[in-house]
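Read the structure below first, then the notes.
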Amino acid sequence: MRPSVITVAVLFVQSTWASFAFGNPMSMRNKAHTNDLVNSKGKPLVGRFLHITDMHPDIYYEKGSTVDHYCHSYDHNSDDTPLGKSKVGYLSPGPGYECDSSPALIDKTLEWLKEHQDDVLGGIDFILWTGDNSRHDNDNHFPRTQSEILASNEDLVNKMIEAFPDVPIVSAIGNNDIYPHNIMEAGPSSMTRQLAGAWDALIPYEERHTFEKGSYYLCDVIPDKLAAISINTLYLSNKNAAVDGCPDDNLDEPGSLFMRWFKIQLEAYRLKGMKVWLLGHIPPTRGQWYEDCYTSFTDLLYEFRDIIVGQLYGHMNINHFVFLEFDKLPVDTESYGIKSAQPKYVKSLIDAQYAELPTFPENLTEEFLNGTVGNYSLATVGGSIIPEMFPTFRVYEYNISDIANQLDDREELTEITSFNWETLEEQSQSDYEIDKKKKKKKKNNKKKKKNKRKNIKPGPLGPAYVPSLFTPISFKQYFLNTSNYMDATKDTEISYELLYTSKDSPYNMPDLTVPEYMRLAKRIATCDKPEDPHQFKLQSGDQNTFRISKKKKPSICPIAYTYLWHAYIGSISDFED
């Protein structure tokens, strides 16, 4: 019997690092000890990082066009030209329309970030960028092409690097970053190779082969201490007709092969004593992922809860969070549409998941934290730059106070090697044959056990659960009120403003651990904290103060209303059924 994939990875200790690897650990370690408190580009750490997503630049956006035509200019002699429709502005059409981002919005946003990343944002250690770097394929008059998509990606990558030259940027592929959208076959392919070329400046040299194979990769953002794994959620998405989920008995499926690769990387990072952020585009919710992909993924989240710091996604354009529970399928929520930005989705999430979370005892016990809270992991979905709502991004603060004290504890860590795709596929195929035989035996056994809990031994609770090194402490949500820039020109200077923070009322979160998010979710669902139901202030300034009419009693309580208002970046204020 041949060893398993994980065993093979460990047996490669003391050999040289192959192409399917983390890179040379000795060179990274030497660099880390030169100046321990720096990111992977040598910049001193400040304890903050940026999450940005769904920029959707549109080269065909044109000032003076109409929203009925997706902000594209048609032939004025065409019968398709609407009469009496309002014209869109230079920067955006304002919130509520299905237009992608104007070149001006992208350029001015990145210019603002470049200019104010230190004085306003307080400095950035690394960036997690969760995809959709091309426009939507929603206008038959302007069909997308593969060359346009690749050019859009390469252009945006170059602009991001220009804005953040000393900040490591890790990006994840979006469903609109490929041609045709949503559909992606197993790699290597022309699409994966050309996308690797467009993203060349982001992908570590030693990860290039991996990316060409599956369009996912990994990258150290703090050398030898903190990494980010970019997930290709297209291989896990049930909207991708070119794949068939993540069956554990068919390694021809790219989703199954990804899960094997993913587990190997987590195992190796654990052995190196490192922590990991996960980022992807399509969030793991019902109706988005294949169920077997969701199940395999949550199994790994549970098993490696000691090293996974958190997960960030995009795609849905609304700020919210969901919980993934080990050994349970995702909750059933109402579908959403980008056209209407349906508040029903988040409201159904509150009812179906938040309300059903376990109630915390007055005195927390280790048993409750390990046995109950530890079954849950948190996925945060970010608001977008695309101006369908107000453009937005989030800056996280995370704990680096103990980083220097923990360096000496890992001096003698074993150097783990990895291996190339040929080795992975060979060993995985062997495991596949073994698994097939085991499953055949089980099928022939008439005695079946019902509801048997999976035999997975999890790690201890890590920084996602217990405040410690790299635990996210708080966040600040910034937004651009495009309604104030309808008359903007190329000379207009824009200003992103602070919308709210995780420490603001009514959230009052001491940190961003899973237990604190569970408490918040329960408060949102049960209206645990009484507030004035007729008036509440979301942020200083008349434009962000909303009053609920006393004549009409709201169907949702103020804390839930505030959460919904923030989810839709202040662009929607009516959440009544």
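Glycine too: its Cβ is placed from the backbone N, Cα and C atoms.
Per Swiss-Prot, these features apply:
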COMPBIAS  437-456  compositional bias 'Basic residues'
CARBOHYD  Asn363  N-linked glycosylation site
CARBOHYD  Asn370  N-linked glycosylation site
CARBOHYD  Asn375  N-linked glycosylation site
CARBOHYD  Asn399  N-linked glycosylation site
CARBOHYD  Asn481  N-linked glycosylation site
REGION    430-460  region 'Disordered'
TOPO_DOM  24-577  topological domain 'Vacuolar'
TRANSMEM  3-23  transmembrane segment
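Take the CB of Asn375 (N-linked glycosylation site) and look out to 10 A: across all protein chains shown you find 20 other CB atoms.
Of the listed glycosylation sites Asn363, Asn370, Asn399, Asn481, the Cβ environment within 10 Å is emptiest of other Cβ atoms at Asn363.
Distance noted between the C-alpha atoms of Asn363 (N-linked glycosylation site) and Asn370 (N-linked glycosylation site) is 14 Å. Taking only the Cα positions, the spacing between Asn375 (N-linked glycosylation site) and Asn399 (N-linked glycosylation site) is 23 angstrom. Secondary structure at Asn370 (N-linked glycosylation site), taken from DSSP and collapsed to helix, strand or coil, is helix.
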